[in-house]
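For reference, the structure discussed in these notes is given below.
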């Protein structure tokens, strides 16, 4: 389908939007202005002076800026409505932009915001009436209702008839009363300052950065009438006049808000309450008039706010013309808001938290997104697109900061309430507070939880355990350790739940010494073999790379359960000890303990580390026999295992036979293609993934970048890298940056790669510089290599591979003095080169060979076979690349040194011990050297064998003298 056809289809679908209630007759521009001003100039006028006091005088600029931005987004909504005459409500615009699902989500945002504002109106009425008549209470059939709640009920009864008015033209008369009430409140505040003796003597602060988040959130809340704008526009006789209505509404409201803010701040300064009426002298007539008039505002606005909710319900069930049902629906809305207002404490503070998110979304973010989606012309780069982008960025910032600040205020208010009601030291209250802080721990919430804990005279171990679990999940886990010392000094005895939490803390921060001390303490309390403590002990030791200590813990258990088996097997796999993990799995099979899916994940990971295909196939059969093939994660692990064992066909078979494929499964298949150098299949799999509407994740893009880097697809790789954040909102990690460095370096763009690392938004790791260093070696750029090695050594000078790479580079260039200098540096620093090791599986046994193994370490037969093989290769045209030998020795000696590389030994062993025609599969722990790569091509030609060699970076498939990498590796 071409672009024109797609656009025509989209416009046709828009024309099929469900229609809402057609107004009997349109309202005039004047009545619409009253309704619009009434929707904008709401109860926010009481809090606007407080907002100014929080931000300082310069925050007035923010007030006017927010007004302009919200006016512009209101104008964008009008333009969206102009694109389709069938658009009548805010959700209609959402459906035109994002379809039915978008309509549902956007309706949820809009109606939730309107509903909560309606609840706030009832609470405001109850609070202010109770302030005026604080000794009043109500008694209904023997049930005494205190003043505040009684006034809420009374307000609901008064408001109820206004909600039955279905015509916005009729509501305009009510709205006119609301506009007049706002003007009277401003006038009364001015009178109190000018006549009643309060005066305008306060100076106030120029700017207060700490209060700006609260200020901006309140300013945005004041202009959050966008949810009703489409309804108001649709109610007009002439919809084209709504742009003028917006100008009048925002100009009038801003004048009202600005006047009230300046008056209130000049009168009361930094002593302003959250509602300016609470600062007014209660005995003055002007103050009483202001408070009474304040009570009129919610009465006049409630119906305008709840009408879109009622209209949506009526439209949903096609009952627009049934007045009885309509009355019932609107009555139920009033009743439900009353119940919420009566039951939810601190709702004003919770409202601030929700409003910071919902109001910004409905009034700023969504209108911009609607407009960009509906009007494709707006997406062209220009001033309009820049303005819309600026609004989106500003709205996102305000929403995030405002929500975070409001959440902190809620926590403080809950604590204040507990103090006020003498529940500060009630354990049930503290458990709820600390639990709330530790559910999704942040540094701020954990600090607050710690502060609460410190206020308990006799803390309970239950509360500490909760706090310790929060620390274990946080970014600052070690904060639990000094707290634990504090409770020990108070003679509080740890229990079986204390040690698991603390051991997880040590595991996540690799704090081995603290973990050992906890182990000793667990022994002292007789909990070291406890079913909860023991697995976390094993996990702690393996996470800290002390596998031997973990095994000693495991061996002390007489009858280990599956949780303990899983802990030690996973630990072995995590520490790259696959043989030990598989041996323990065999021991588990001999016992009466049944494995779980977690067990199989670790076993498959071990098979992948070994590259043992036959063993992997046996495990696959075990998985099917025991019903683990129903687990998506196990199937995903099978895909990874087969790929790393060199059998891409088996990976494809597992993937295609999966009944349920999640993002991890798709990503595993993309990575499988990538490590085998099949970039076209990796990209095709990604396109198929998108067609099936599976959302990619970080691993998906790692696979794509890896595929592009190993096949020289630089432009494609760059496209995928930038689409991560632009299209999918995925922030690149250090691994993605590493793939980009590899992509640029392999293609010879070394200087560009150097600049890319230098300009990273995060601190580069040694691995990034090492990637570039390897490329410098491959491309023979000695000078840049020396510059890069300096950057590596600034971060880590203990890695032997760095010295070897630069040494080889200098040796290739004939700079033997530099080679000797590097070797002396290695010796002085005690740096050891990682020995090359290659393994091959023959008859279900994995055999390992190390570079340099001579007759002392391998059989005479293997030694002779390799010598004969090299001579045969020479006859076929093979010439050993002695330039790769970094030692200054005779050419013959260099050739001998190359001959006994681990790859050649493993391949020769495979030729000697497997039938003719069998595929030889070798796993190398380092990057395959150039000479071994060349020799493997000739061996595949001479022996008529396929050789699959997996090195630390990728797979090489050698067949008939050619490699799948096409010598690009």
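Using N, Cα and C of the backbone, Cβ positions are placed for all residues, glycine too.
Automatic, uncurated: that is what TrEMBL annotation is.
When the ranges 384-404, 405-425 are checked against TrEMBL, the one recorded as transmembrane segment is 384-404. Between the transmembrane segment (57-77) and the transmembrane segment (324-344) there are fewer than 3 Cβ pairs closer than 8 Å, counting only pairs 6 or more residues apart in sequence, which means the two stretches are not in contact. Annotation: stretch 104-123 has the most Cβ pairs under 8 Å to the transmembrane segment (324-344), among 33-51, 104-123, 245-268, 384-404. If you look at the transmembrane segment (245-268) against the transmembrane segment (104-123), you find fewer than three C-beta pairs under 8 angstroms, all six or more positions apart, and that falls short of contact. Restricting the average to the repeat 'PPR' (662-696) gives a pLDDT of 93. For the transmembrane segment (104-123), the partner stretch with the highest count of Cβ pairs under 8 angstroms, out of 33-51, 212-233, 384-404, is 212-233.
Helix, strand and coil counts from DSSP across the repeat 'PPR' (460-494) read 26 helix, 0 strand, 9 coil. Beyond its flanks by at least six residues, the repeat 'PPR' (662-696) meets 632-633, 635-636, 639-640, 642-644, 648, 651-652, 655, 702-704, 706-708, 710-711, 713, 716, 728, 730, 950, 954-957, 964-965 of its own chain at Cβ-Cβ distances under 8 Å.
Counted with DSSP, the repeat 'PPR' (561-595) comes out as 26 helix, 0 strand, 9 coil.
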